[in-house]
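What follows is a single structure, written as structure tokens, with notes after it.
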2 protein chains.
Amino acid sequence: MRIGELAALVGVTTRTVRHYHHLGLLPEPTRLGNGYREYRLRDAVELARVRRLTELGLSLDEVRDVLADDRGRELREVLEELDADLARQQEAIGAQRDRLAALLAAGEPDPDAAVSPDLAAVLRGLPVAGSPSAALDRDMLALIDTGAAPAERAAFTALLQPLADPDIAARLPDLYARLDDLADADPTDPRVPVLATDLADCLPAELLAAMRDPRGRTWLDELSRELGPAQAAVFRHLSGGTP
Amino acid sequence: MRIGELAALVGVTTRTVRHYHHLGLLPEPTRLGNGYREYRLRDAVELARVRRLTELGLSLDEVRDVLADDRGRELREVLEELDADLARQQEAIGAQRDRLAALLAAGEPDPDAAVSPDLAAVLRGLPVAGSPSAALDRDMLALIDTGAAPAERAAFTALLQPLADPDIAARLPDLYARLDDLADADPTDPRVPVLATDLADCLPAELLAAMRDPRGRTWLDELSRELGPAQAAVFRHLSGGTP
DNA sequence: CTTGACCCTGCCGCGACGTCAACGTCTCTA
DNA sequence: TAGAGACGTTGACGTCGCGGCAGGGTCAAG
């Protein structure tokens, strides 16, 4: 038999056979005078064995190990491990499909705000138009949401829920506008403490508390980098006073 | 923000961020004087969006398409296709695990004779020791079995079943020995027609018939290549007479 | 003599990064 | 001020199981 025949017999390509030779999974057969490989039935049997193992999902390295490590006992371990691996994959795919189903069921899957649905609702209630600080806020909130574990995410959304209240939402555009006005101001600007007071008045107490704990401060630091000095000063006032 | 901070924020490696830049999934930010990339919060948001999409299972190419092809409608298609794909994978893995379970349940998983269990039983009943022709036969049968679809496989095994009958099995060693003796003989050797007759006497009629149909002849041709001329002649007698 | 069907070796490509290498830059500390 | 260690930069190779191609040689039939 020549290589094409062998390959057809077992149902692989000639490229595959040569690949197995290259990796040493299959011994190189004797050559004919013209350099062609000459196979015998036993080679086909060996090839078929390799194929069966790969089709079970073994990697070529694993196949080599199994073939080397004579018969049976190692194979059993590998197969069991493989099964466990497949079980994990099944589970992972199932979870993945659940997530997909949730997204698809939500009507319009918007990866832009592929934040948790509750947060999305809050964000929709916040004003954005034309205010850089408001846009920053949205970005920040989205980021916190995507990075958090589900449990934290729920707590976080709960913190923000009050902002969706119409009374509060109505006061936000003015506050954002005043924050925008401080973009190029000096941190000692007299408007800073006034705005901080008005903000503290408007925001829920729990949210203010969260801004004072270490995790909240980290995020505020992040946010402050993108703000002007006076704007950052406002948040320093909010999150703990003087420093 | 510099690249390490950005990466940590979103939960990827810096290598990943640079990879996305390279592919154009994420715009290159402005550089600092020292050549460092300087990121802003919006970059983190963009990166997080890419990440969410990849974590849903989209390829980076698909992510690029979705991001380019503004919002929503294309995404839905991709996600649905993805779900279908995952469903196929689930099914495939399930089938795979079934096969594994069958193998593992069979006690000792022997990939050597990972032929169908029925055939394995038949093969166990056949004599092998020291007979090259018998070994060839086993190889051949194993090969036919592994290449066949399940339905054909059953039919094929059924054909061979009679060989497991003790009366017949008892006569096989002698027949194999006589076939071995013809290894270097001339095709005109008088022992050839005699052995052919004795074999025909011993083998089930259905098997002889199968050897005469085109598929059977192909396999016999294959087998004959590994045999001596006189041995091949025996099978020519069996499978149709003169040619 | 050509055509077409085989065979040979050897190398690039895929996907989503990980992992060097070889180098520059910043910050802290002794 | 010097050195250490943690950052950053670009660039190239490795992964896995082959597919595909380039650039040849071989062989049988028309």
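Placement of Cβ uses the backbone N, Cα and C atoms for every residue, glycine included.
Segment annotation: TrEMBL labels coiled coil over residues A:72-99 (candidates A:16-43, A:72-99, A:212-239). Long-range contacts of the coiled coil (A:72-99) within its own chain (CB-CB distance under 8 A, at least 6 residues past either end) are made by residues 56-58, 62, 65-66. The residues of the domain 'HTH merR-type' (A:1-69), classed with DSSP into helix (H, G, I), strand (E, B) and coil, number 42 helix, 2 strand, 25 coil.
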